[in-house]
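These features come from TrEMBL:
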TRANSMEM  90-114  transmembrane segment
TRANSMEM  134-151  transmembrane segment
TRANSMEM  158-179  transmembrane segment
TRANSMEM  185-211  transmembrane segment
TRANSMEM  232-257  transmembrane segment
TRANSMEM  277-295  transmembrane segment
TRANSMEM  316-340  transmembrane segment
TRANSMEM  352-377  transmembrane segment
TRANSMEM  389-407  transmembrane segment
TRANSMEM  413-432  transmembrane segment
TRANSMEM  444-464  transmembrane segment
TRANSMEM  476-501  transmembrane segment
Amino acid sequence: MSLIKSAATISGLTLLSRITGVVRDMLIARYFGATAETDAFYVAFRLPNMLRRLFAEGAFQQAFVPMLSEVREKEPEEGERRFIDNVFTVLALAVFIVSVLGVIAAPLLVWAIAGGMKGDPEAFTLATGLTRFMFPYIAFMSLVALAAAVLNTRKKFALPAATPILLNISFILATVFLADRFAEPVWALAVAVIGGGALQLGAQVWGLSRIGVRVRPRNVKKALSDENVRRVLTLMAPALFGVGVAQLSILINTNIASHLGQGAVTWLNYADRLMEFPTALLGVALGTVLLPGLSAAHARGDDARYNALLDHGLRLVALVGIPASIGLWLTADALVSFLFQGKSFTPADVSQTALAVVGYAVGLIGLIGLKIIAPAFYARKDIRTPVKAAFMSLVVVQLINCVSVPFLSHAGLALSVGLGSVVNAGTLLVILRRRGIYSPCAGWLKAILRIAIASLLMGGAVWWVQQGVDWTALRWTYRAAGVLGLVAGAAVLYFGALYALGWRVRDIRPA
């Protein structure tokens with residue numbers, strides 16, 4: 001399956017996941033609004049999510065996927081199965097210990113990530129209780145990440161891309177049927193998290209059984225003595241630091257947001273959810289497909305294929321990322337009003353969330369590009385370089401916060417994350433070029449000029465159409481029709497302009 005077809009498969013399923021995610025967020029926003037209770041939930045949910053990204057989807061996959069590709073090349077069948085079982089044993093033990101410690105240390109963790117909540121004892125107590133209840137989610141999702149990595153290296157991309165839909169369905173059902181049954185309705189969302197985690201793990205186990213992989217626990221000492229497992233752990237050490245730097249940035253920003261008044265954490269969360277559309281549809285989809293392909297090409301010593309895959313991914317990032325950044329910037333109010341405005345989520349909440357969306361949109365090309373560029377290093381088992389770039393990005397983000405937050409409040413936090421991602425991705429790209437790992441294929445200047453002109457034409461039209469429109473004052477049906485028409489029209493205008501400028505689909509096919 002070609003890169004573009006594999007990415008299209010993942011993007012299609014990711015789109016379905018994001019659509020169900022939008023339904024989920026619309027229901028939650030309309031039912032719960034932006035309150036101290038929702039701030040408490042999102043703080044509590046961020047803790048296991050942060051560790052999930054740190055241990056499972058972050059450092060673990062960066063180290064495990066290249067090693068699994070190497071083991072498959074050298075020791076197919078029995079060696080691969082033994083390696084997977086040993087990694088499962090070590091990972092399961094690690095996340096069990098982390099989950100227990102998280103439940104015990106919940107008050108300290110809530111204080112660390114949202115110190116501003118200490119001023120509201122009820123919200124702090126609620127966040128602590130929610131954290132304890134939801135912390136086992138990391139165990140579910142770490143094992144999901146292991147199964148997804150195995151499936152992806154077998155070029156089975158569909159199921160891992162589809163399973164997040166189950167979490168969204170769990171949220172939707174809990175909001176509709178359980179929220180009114182709790183004295184504190186936000187507890188229904190916590191139940192949805194655990195239920196969704198269990199459903200996702202069950203789906204991945206079923207997927208592994210379909211390809212003949214049945215993971216079994218082994219003796220812990222024997223698992224730890226496996227040379228390949230030790231290499232994974234060795235690779236994870238710098239990766240943990242690198243992903244940890246990124247998560248530390250999120251932790252610091254969340255803590256700052258908790259001091260900016262009620263609703264700030266929730267506004268940033270909804271803005272972040274909206275930004276997941278382009279980052280997941282393109283960045284995550286391409287990154288998921290690229291890492292196994294780049295790892296295999298590097299293992300074979302096929303530098304030409306490696307370069308062509310990376311160049312292809314970067315062209316797709318430019319093709320979609322640049323107009324998406326401009327489009328989100330100009331339609332932030334329209335999109336937030338359409339998706340989230342309701343009885344509990346007021347026009348004021350719409351305005352504050354839209355400001356955060358604009359901040360993120362400034363750095364969207366970096367947020368997407370990082371998902372493509374970082375795997376180019378992971379495939380070569382070079383974790384240290386992305387770690388150094390991530391640390392530099394952390395410093396940049398916090399320096400920007402010092403300037404932006406006093407003037408822009410929570411929107412300044414979003415802006416710092418966006419600009420920090422641009423610095424991070426740009427630094428890694430320069431390093432790839434200087435080391436001779438990546439050399440741009442022919443046609444980049446012409447492609448960028450076409451994309452820039454088409455994006456500016458689209459942006460000008462979107463700005464002009466919205467003159468004098470107050471999206472928050474419209475009925476939801478009018479907002480829906482207006483936003484869908486605006487997005488569809490912008491897409492048609494953009495690709496139409498590209499075509500008129502001479503762009504063709506063959507221009508993004510791999511060399």
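From the backbone N, Cα and C atoms, a Cβ is placed for every residue, glycine too.
TrEMBL: automatically predicted annotations, no manual curation.
Between the transmembrane segment (134-151) and the transmembrane segment (185-211) there are 3 or more Cβ pairs closer than 8 Å, counting only residues 6 or more apart in sequence, so the two stretches are in contact. Sequence-distant residue pairs (6 or more apart) of the transmembrane segment (352-377) and the transmembrane segment (316-340) include at least 3 whose Cβ atoms are under 8 Å, placing the two stretches in contact.
At the 8 Å Cβ cutoff, the transmembrane segment (476-501) and the transmembrane segment (316-340) share at least 3 close pairs (sequence separation 6 or more) and count as touching.
Nonlocal intrachain contacts for the transmembrane segment (185-211), taken as residues 6+ away from its ends with a CB within less than 8 angstroms of a stretch CB, comprise 28, 31-32, 37-38, 40-41, 44-45, 48, 126, 130, 133-134, 136-137, 140-141, 143-144, 147-148, 150-151, 154, 156, 159-160, 162-164, 166-171, 173-175, 178-179.
Tertiary neighbourhood of the transmembrane segment (389-407): same-chain residues 242-243, 245-246, 248-249, 252-253, 256, 260, 413, 415-417, 419-421, 423-424, 427-428, 431, selected by CB-CB distance under 8 Å and a gap of 6+ residues from either end.
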